[in-house]
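The structure appears right after this line, and notes come after that.
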Amino acid sequence: VSCFVTVEKNGSLIDRVFNTYKLMHTNQTVDFVKQRHYEWTGCNHTRMGMMDTIMSLDQLVDESDPDVDFPNSFHAFQTAEGIRQAHPDKDWFQLVGLIHDVGKTMALWDEPQWAVVGDTFPVGCKFQNSIVFRDSTFLDNPDDKNPSYKTEHGIYEPNCGLDSVLMSWGHDEYLYRVMKFNNCSIPEEGLYMIRFHSFYPWHSHGDYMHLCNDKDLRMLPWVQEFNKFDLYTKTTDLPDVDKLKPYYQSLIDKYCPGILNW
């Protein structure tokens, strides 16, 4: 969830958000991301069904999010219901709305929030200006001083495709990896929504197009369509979760059934 929403620039909330991004932008390096891939993508931390994982997020307060102060499961169901209303024929899209933030469960297993929540960006190339708090939070990031990483393309070939790009580590990439590891049958468009919904510099600001291939450009409108529901469904009108659960459990059973490896 992006920090580009309007908030008063005072008080502890914006300080908390800024400090989370300061830690993120100091510590997310090529070496750190590679180490996190080694640590998490084997999906050997626990085994749990998707609905239980969604509900477990109620224990979490997202320190990067300036506009939510009710349990995470409500945002999950709100997003899914918004999509269900607009896209009644695309049940996989509705399910993506429900599960898109489930990767935040890493924070319940002692991963620091700056490596779980917030907007994402590529590492290994120049940090673009559209990254939130770009001007003030990368000063202590060693990659920002590394000549190999400071150019527009950095370690990547032009138009190599986002699949070849190392993104800052967080809940997007983690859930994408969990979906692939467990052979979940969500279509490619849905997997892009999961993997890149926090990549605001790309889907909302048009940056990093020089790294994209044709497939990325075909998928971009889907990610943008998803973003409408992710950002603007946080009303205080809370859904009746118990009533909605059976329907969404049927979608889980269809696309990512049973006990999953996390």
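Glycine residues also receive a Cβ, built from the backbone N, Cα and C atoms like all the rest.
Where the annotation comes from TrEMBL, it is an automatic prediction and has not been curated.
Quick look at what TrEMBL annotates:
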type	residues	note
BINDING	His75, His100, Asp101, His171, His197, Asp230	Fe cation binding site
Among Asp101, Asp230, the most crowded of the binding-site residues [Cβ within 10 Å]: Asp101
Message: For a quick check of understanding: among the binding-site residues His75, His197, which residue's Cβ has the most other Cβ atoms within 10 Å?
response: His197
- prompt: So what sits near His100 (Fe cation binding site) in its own chain, CB-to-CB under 8 Å and at least six residues off in sequence?
  reply: Ala76, Thr79, Leu175, Met193, Ile194, His197, Phe226, Asp230
Message: Suppose we draw a 10 Å sphere around the Cβ of His171 (Fe cation binding site). How many other Cβ atoms does it contain, all chains included?
response: 26
